[in-house]
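**Q** Below are the structure tokens for one structure; questions will follow.
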Amino acid sequence: MGRIYCFLWFLFLSVSFCWLLPNPVSAIHGEVRSPQYPRPYLPNLLRQWDIWVPEGYLIQLSLTHLDIKASSGCYQDSLTVLYDQNVLGKFCGQEKSTDHPSKEPILSQGNKLTVIFQTSDFNPKLQQHIGFSATYKAIDLDECSRPVPGDGSGPLCSQICVNTPGSYRCSCHHGYKLQLDQHTCLMSCGGCIFDKNKGHLASPRYPHPSPPLLSCSYIITVEPTLTVILNFTDNFHIDSMDTDQGPSCVRHWLQVSIPDREPTKLCGGKSPGLIATNSNTVRLDYHTDVEGLSGGWSLDYSTYSERQMERNSNMIDCGEPEPLLNGGVVFLSAFQYQYRSVIQYHCNEPFYTLPGGVNVTFTCEADRKWRSNLNDVTPTCIPVCGKPTKLLSAYQRIIGGSDAPDQTIPWQVLLNVDGSRGGGMVIGDRWIMTAATSVTHHGKLVSNETVRMYMGHANIKSMMDSPVYAASIHVHPEYNNPNHVDYNHDIGATYVTGAMGLVSGFGITEIGGRRILTNRLNYVQLPVVEQETCSKSITLLKKTRDNIPSLSNNMFCAGVPEGGQDCCSGDSGGAYALRDNGRFWAAGIVSWGVDCGKPGTYGVYTRVTNYVDWIHKTMQEN
């Protein structure tokens, strides 16, 4: 009898501990129940249901009945509902138990749901709980009601989102076309060919602002014997970014393309007015972006024949060309100001040049304007900086150096402040950069009237007859050196009252063992010194002498350890110039030093690269 009892008990355990593998269930709706429901469930069960519905749907699970042995935290017997390893709920007990679910259904976050039923080891004769019963159904996911994601990808549809069973589709407002990505709507604009001899074009919704994301094309093409003239109305606005060179067409533009010419982009708030294209074909491409707002544009176009213009050429007078500052204009044709006359602008070389170094020709067009590739803006001559007309065999500076011939260091300025001598350098038509030390006294700016600047020669006697005066003086806002012990931010800029020519400058030199103020510009080659080497030199000096300034990252040193070559008193504010591809640039400003040319000491210079932003800001604001 005992042997039979043991066999029956083993058979019971084998059934109770049977591990049921996941059973995927796929349907639009269905029901799941605990084993043997509505009879009491068995001990040591672990049953899992994997439910899934088609993509684009969610799963709604409703518990119609739940009777599971209660325990703290449902530790023993439980029904667990999961979505993608995340627990949506763990339940046990009966209707009024703490861990019994409410009557609210459970909604998955996607198209999958997992249900796990687990029971503990107990005596089945003493357990009468019957388990659970639940129904599920597929719920259509409303993709269109989802919030816009925060990753910058934008909404599902740029205009209209239509929810469909299990999915969605995008639609567009009237006048817009759904693009190939099936998400973006762009206005159906342009695409037409205008072949009449005259007509009217305008941006979409004009005179109201243009919609975003426009990409419109308009083509005007007439008979080969005719030429197209575009006449824009005054009400013109295309979003742009303001720059020193004028509006920059970054996000919005109207591009005018003419065969065999570079396309021209128009933007800003100024109407282009009349444009003579000199072509029978013109293409206009209008583009807007999500960012920015354009008011739009409108134009009338007309045509004329070359024969008509030739007959009436004497009636078209473009007038005298605009003068070019620091340059001039030459007539390349004999018709002077009449239709088809050609002029060429040039700059006063070698001190000024046109951008790109190419001379520009302008033609008198039918709209009575001098134009170059649709552009009627007079070019600008820019200074040629750091490029001497004569080169030194070895570029040098001051103590222990040699006399500089004329025109070899043209940027150097002799600065005279109330009788004290200093240096400076030309950095623009009306701007001189110098050391703040040279234009301050006891921590305050010197007055404009006390400053005289001389330039144009390497000999003081030759330049004394034509001083240049200061209109305004500016020093770096963080410069604070009333006691001459803190030379940090030692940089200044002076705006002069008149235009300047070639420049040069001067300091103390040594002749026959005596140091004197020279009437000739001296120069000497000085290498840049490692910052650590210079710092050690200054540290040694501080041990034996008082009031030695400190070295900062806004400074660098130059010189030779054996001494004998250095900048000195009267040179402050001058340039430490480096050469790159035949052009010199100001790397430093003579600032301070201890004992000119003494062995083991070096000259200290303001590091100009740390102040480029301040220089530009000062020049633009003054």
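Here the Cβ of each residue, glycine as well, is placed from N, Cα and C on the backbone.
Keep in mind that TrEMBL annotations are predicted by a computer and have not been checked by a curator.
Found this in TrEMBL, in case it helps:
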SIGNAL    1-27  signal peptide
DOMAIN    18-139  domain 'CUB'
DISULFID  CYS74-CYS92  disulfide bond
BINDING   ASP77, ASP121  Ca(2+) 1 binding site
BINDING   ASP140, GLU143, ASN163  Ca(2+) 2 binding site
DISULFID  CYS144-CYS161  disulfide bond
DISULFID  CYS157-CYS170  disulfide bond
MOD_RES   ASN163  (3R)-3-hydroxyasparagine
DISULFID  CYS172-CYS185  disulfide bond
DISULFID  CYS189-CYS216  disulfide bond
DOMAIN    189-304  domain 'CUB'
DISULFID  CYS249-CYS267  disulfide bond
BINDING   ASP289  Ca(2+) 3 binding site
DOMAIN    316-383  domain 'Sushi'
DISULFID  CYS318-CYS364  disulfide bond
DISULFID  CYS347-CYS381  disulfide bond
DOMAIN    398-620  domain 'Peptidase S1'
DISULFID  CYS534-CYS557  disulfide bond
DISULFID  CYS568-CYS596  disulfide bond
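Tell me about the surroundings of these features in the structure.
**A** Sequence-distant contacts (6 or more apart, same chain, Cβ under 8 Å) of CYS74 (disulfide bond) comprise ILE68, LYS90, PHE91, CYS92, GLY93, ASP99. DSSP assigns CYS74 (disulfide bond) to a helical segment in the three-state reduction.
Counting every protein chain shown, the number of other Cβ atoms lying within 10 Å of the Cβ of ASP77 (Ca(2+) 1 binding site) is 23.
The C-beta environment of ASP140 (Ca(2+) 2 binding site), restricted to residues of the same chain at least 6 apart in sequence and closer than 8 Å, consists of GLY56, TYR57, LEU58, ASN163, PRO165, GLY166. In the three-state DSSP reading, ASP140 (Ca(2+) 2 binding site) counts as strand.
Listed in sequence order, the residues of the same chain lying 6 or more apart from CYS161 (disulfide bond) and placing their CB within less than 8 Å of its CB are GLU143, CYS144, PRO155, TYR168, ARG169, CYS170, SER171.
Following the DSSP three-state reduction, the secondary structure of CYS172 (disulfide bond) is coil. For CYS172 (disulfide bond), the number of other Cβ atoms no farther than 10 Å from its own Cβ, over all displayed protein chains, is 18.
Contacts of CYS189 (disulfide bond) defined by a Cβ separation under 8 A and a same-chain sequence distance of 6+ are given as PRO204, LEU214, SER215, CYS216, TYR286, in order along the sequence.
Computed over the domain 'CUB' (189-304), the whole-number mean pLDDT of the model equals 90.
For CYS267 (disulfide bond), the number of other Cβ atoms no farther than 10 Å from its own Cβ, over all displayed protein chains, is 25.
The Cβ of ASP289 (Ca(2+) 3 binding site) has 15 neighbouring Cβ atoms from other residues within 10 Å, across all protein chains displayed.
Its Cβ taken as reference, CYS347 (disulfide bond) is surrounded by 23 other Cβ atoms within 10 Å in the chains shown.
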**Q** Going by Cα-Cα distance, which of the recorded positions (CYS185, CYS249, CYS267, ASP289, CYS318) sits nearest to CYS557 (disulfide bond)?
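**A** Looking at Cα distances from CYS557 (disulfide bond), the smallest one goes to CYS249.
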**Q** Taking CYS144, CYS170, CYS318, CYS557 as the disulfide-bonded residues to compare, which has the smallest set of other Cβ atoms within 10 Å?
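**A** Lowest Cβ count within 10 Å among the disulfide-bonded residues (CYS144, CYS170, CYS318, CYS557) is CYS144.
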**Q** Sequence gap of 6 or more, C-beta under 8 Å: which same-chain residues meet both conditions with respect to CYS185 (disulfide bond)?
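**A** Same-chain residues close to CYS185 (disulfide bond) (Cβ under 8 Å, separated by 6 or more) are CYS157, SER158, GLN159, ILE160, CYS170, CYS172, HIS173, TYR176, LYS177, LEU178, GLN179, LEU213.
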**Q** Please report the number of other Cβ atoms within 10 Å of the Cβ of CYS249 (disulfide bond).
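**A** If we count other Cβ atoms within 10 Å of CYS249 (disulfide bond), we arrive at 18.
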**Q** I need the nearest neighbour of CYS364 (disulfide bond) among the recorded positions ASP121, CYS381, CYS534, using C-alpha distances.
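**A** Among ASP121, CYS381, CYS534, CYS381.
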**Q** Can you count the other CB atoms that lie within 10 A of the CB of ASP121 (Ca(2+) 1 binding site)?
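**A** There are 9 such Cβ atoms around ASP121 (Ca(2+) 1 binding site).
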**Q** Quick check: with ASP140, GLU143, ASN163 left out, which same-chain residues have Cβ atoms within 8 Å of the centroid of the Ca(2+) 2 site Cβ atoms?
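**A** Everything else in range on the chain: GLY56, LEU141, ASP142, CYS144, SER145, THR164, PRO165, GLY166, SER167, TYR168.
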**Q** Which of the three DSSP-derived classes (helix, strand, coil) applies to CYS216 (disulfide bond)?
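**A** CYS216 (disulfide bond) sits in a strand per DSSP.
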